[in-house]
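S.K.: Marked as oxalate binding site by TrEMBL: Asn61, His66, Glu71. Residues annotated as Mn(2+) binding site in TrEMBL: His64, His66, Glu71, His112. Residues annotated as domain 'Cupin type-1' in TrEMBL: 15-166.
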Amino acid sequence: CKDPRKVSPNDFFYTGLNVPRRTSNRLGVNVTLLTADSIPGLNTMGLSLGRVDLAANGGLNPPHHHPRASEIFYLIKGTLYVGFITANPTHRLFAKILTAGDVFVFPLGLIHFQWNIGSRQAVGFAILNSQNPGVVTTANTLFGAVPAVLSDVLAKAFQLDVATVEYLQQLPWQNP
């Protein structure tokens with residue numbers, strides 16, 4: 001918390017969310033997340049906002065979840081295939097194709113994704129009900145852990161051979 005005598009309008013302000021972000025990374029995505037760290041006035045408000053830029057023809061915000069937030073996603077430009085998967089025991093996929101003006105909700109803690117299936121860049125906004133929603137990117141977490149998860153564990157879990165798991169563990173899993 002900040003001393004109330006030192007609070008200013010700038011603590012409730014951010015500029016530049018209208019500026020397109022670079023998507024020239026291996027996933028073709030850029031997420032600009034505004035939390036209480038970037039807008040101090042969000043502290044204790046239970047809100048955050050993200051701009052999601054996805055490259056044309058396959059930009060992917062990969063499967064991930066927010067451990068402390070539900071999300072409502074509003075697409076303002078492009079065409080996306082989006083979805084989430086329910087928890088055990090059903091693992092049911094709920095997915096839709098979105099076009100500009102569409103909204104989709106991702107429930108708290110469920111793995112979800114956004115994939116640009118269009119030939120133009122896509123832009124959407126994610127509104128989350130937490131000032132600090134967190135993000136856990138599924139593949140990065142499992143295959144990019146330091147120290148590495150034992151290859152035998154991941155091989156059995158994903159029904160892969162150990163050589164494939166070891167190859168995957170050597171990839172650069174940091175976030176784009």
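Here the Cβ of each residue, glycine as well, is placed from N, Cα and C on the backbone.
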S.K.: Just name the most isolated of the binding-site residues Asn61, His66, going by other Cβ atoms within 10 Å of its Cβ.
M.R.: His66
S.K.: If you measure His112 (Mn(2+) binding site) to His66 (oxalate binding site) at Cα, how many Å is it?
M.R.: 9
S.K.: Here are the binding-site residues: His64, His112. Which has the lowest count of other Cβ atoms within 10 Å?
M.R.: His64
S.K.: Roughly how many Å lie between the Cα atoms of Glu71 (oxalate binding site) and His64 (Mn(2+) binding site), rounded to a whole value?
M.R.: 12
S.K.: For the recorded oxalate site, whose residues are Asn61, His66, Glu71, find every other residue on that chain with a C-beta no more than 8 angstroms from the centre of their C-beta atoms, and list them by sequence position.
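M.R.: In sequence order, the nearby non-listed residues are Gly50, His64, His65, Ala69, Phe73, Phe106, His112, Ala126, Leu128, Pro133, Val135.
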S.K.: Within 8 Å of the centroid of the Cβ atoms of His64, His66, Glu71, His112, which other residues of that chain place their own Cβ, given that this set defines the recorded Mn(2+) site?
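M.R.: Near the Mn(2+) site, the remaining chain residues are His65, Ala69, Phe84, Phe106, Leu110, Ile111, Ala126, Pro133, Val135.
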